Amino acid sequence: MNTIEVSHLRKFYSVFKKEPGVWGSLKSVFKRRYEEVRAVDDISFNIKEGELVGFIGPNGAGKTTTLKCLSGLLYPDSGFVSVLGFQPWQRKPEFQKQFALVMGQKNQLWWDLPPMETFLLNKEIYEVPDEQFKKTLEELVELLEVEDILKIQTRKLSLGQRMKCELIAALIHSPKVLFLDEPTIGLDVIMQKKIRDFIKEYNQRYQATIILTSHYMGDVKELCQRVLIIDKGQLVFDGALEKIVKKYAEHKLISVVLSEKVSLEKLKQIGKVDKYDYPKVNFRIGKKQTSEITSKILEELPIVDLNIEESPIEEIIRDLFTKKNYR
Amino acid sequence: MKKYLQLAKITFEEYLVYRLNFYLWRFRSFIVFLTLLFFWLAIYGDRTEFLGYQKAQMITYVIGIAFLRTIVLGSRSADLGPQIRSGELTKLLLKPIKTIHFWFTRDVVDKGLNLFFTIIEILAIVWLLKLSFYLPYHLTTYFSFAVLSLMAIFLYFFLSFTLSVVAFWTEEIWATRWLFGVIFLEFLAGAFFPLDVLPSWLTKIIYLTPFPYLVFFPMKIWLEQLNSGEIIMAIFICLIWLIFFWWLAVFLWRKGAKNYGAYGG
């Protein structure tokens, strides 16, 4: 059974446009120009129980809008959305008790009180029994290593500490469905890694269904077998991460270690040189020419070592977003 | 129910964090009370009666204003408007908690805390200035006063909530709130002077609005200046307004929550 079903979801905003300056403001008093923004335009996908799915796309692609529709914050203009068998916008308590939305840029912790107060309030709001609360809290605190900060005022915590506590506040009712909107934004690499490990662990331990959006490909690469790519409100890819590479990678990287110096001109005759820093050369070549150019290199250059790699996923996705040639 | 208790607890703790803020607010309320009191004391001077009010009655009215201001006028739901605009409302909408209950719970704590200090302030002033204070003779007076005051609390809450909810549609909520707060409400509620000193054709119109039931009528009941027919009439009109604004608040809230843009993030 699918935990999340989305079919032909549409959400448009009308945005009021104002010209800059006082004159623009005065004009806007009498006449307002509204423009329609198609934040989400006909999106369909299904997610099974226990899946951890990455949701990627450039800024303003419609990721957050989709998540807001899934969590019942926004009322869809058309289409069908079902999460755990509920229609999210009805905001039924039975539904709300089973999911959580974590936004990296928003906090739910009470700013002037220690995180523990928020946890206790959430315990009551979600009607979590004492025993379960104690157990869950202990587990989460241990996984995230935050024992010593639970009683410090939230506003005095660092961003990383706060994010960890945000996660605990969101998970204290053991949600079956979890939407994470850029949970690692602004965190350093160590903290990113910790949060990532935690998400993975949570997914496996509780069989939770998770959708994760992130601008860091590292998050997606490490956590998600399946990704959804969205751009301009439309779903452009749905499948395994490796498939993106197969489908969209136009280049391969051949890195070579030379045994003696070769002129740049000569290297350029063989293929497109990405970087030359003796003894290392990187060629960036079309996928189809790989074997032809590899044999050329082996014949014509004095080499010690040769490696053929796919171009990094970040690059593929960047190319994809800038060129917009989805097939 | 337990969730609202916990919310009350956390709200209380928050007040303890914002101590200075709270003191300043108390100071301001106290000054408003004193200003009004001295203004009326000066007008009376050596007179014992003015505009149909005995001096003791007027002083009681002014003290009543301070009391009712605390428990009726003023609602934390004023914060809801900005929360709708900034998108902060999101975190509340995601949870199995009712927004109206949420704000009302915060109000109860706010009012309880303020009431505690208001009573101390009033007692201190009454004792220091040796003011004569009117205490009703009949037990039923206390009862009707309590009933109408309680209704006034809810009426004001739904009024304020309705105004905050308007933020779902308008961009500038503060203009409406200011106009509402200062001009209409405090004046028409009788929070400066008893309304029946105005020409009677005007008071008749004002009595049809919801405002005089917030301060003026409860005080008229306290001063035992209404007969039982008038008391029932006052409670009846107040009830109609209460039901109307209750319905309006819930209706607009439901409609607005559907319209909500969940901005930011």
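Placement of Cβ uses the backbone N, Cα and C atoms for every residue, glycine included.
Taking Cβ pairs closer than 8 Å, the transmembrane segment (B:20-44) reaches residues 50, 55, 58-59, 62-63, 65-66, 69-70, 113-114, 117-118, 121-122, 125, 192 in its own chain, all 6 or more past its ends. Annotated transmembrane segment per TrEMBL: B:20-44 (among others), in sequence order.
Residues annotated as transmembrane segment in TrEMBL: B:56-75 (among others).
Counting residues 6+ beyond its ends, the transmembrane segment (B:113-135) has Cβ neighbours under 8 Å at 12, 15, 22, 25-26, 29-30, 33-34, 37, 54-57, 59-60, 63, 66-67, 70-71, 74, 222-223 in the same chain. Here TrEMBL flags B:113-135 (among others) as transmembrane segment.
Per TrEMBL, transmembrane segment is recorded for B:141-166 (among others). Long-range Cβ contacts of the transmembrane segment (B:141-166) within its own chain (Cβ-Cβ under 8 Å, at least 6 residues beyond either end) map to 68, 71-73, 75, 77-81, 84, 100, 103-104, 107, 111, 173, 176-177, 180, 210, 213-215, 217-218, 221-222, 224, 231, 234-235, 238-239, 241-242, 245-246, 248-249, 252-253, 256.
Per TrEMBL, transmembrane segment is recorded for B:178-195 (among others).
Per TrEMBL, the feature transmembrane segment maps to B:231-253 (among others).
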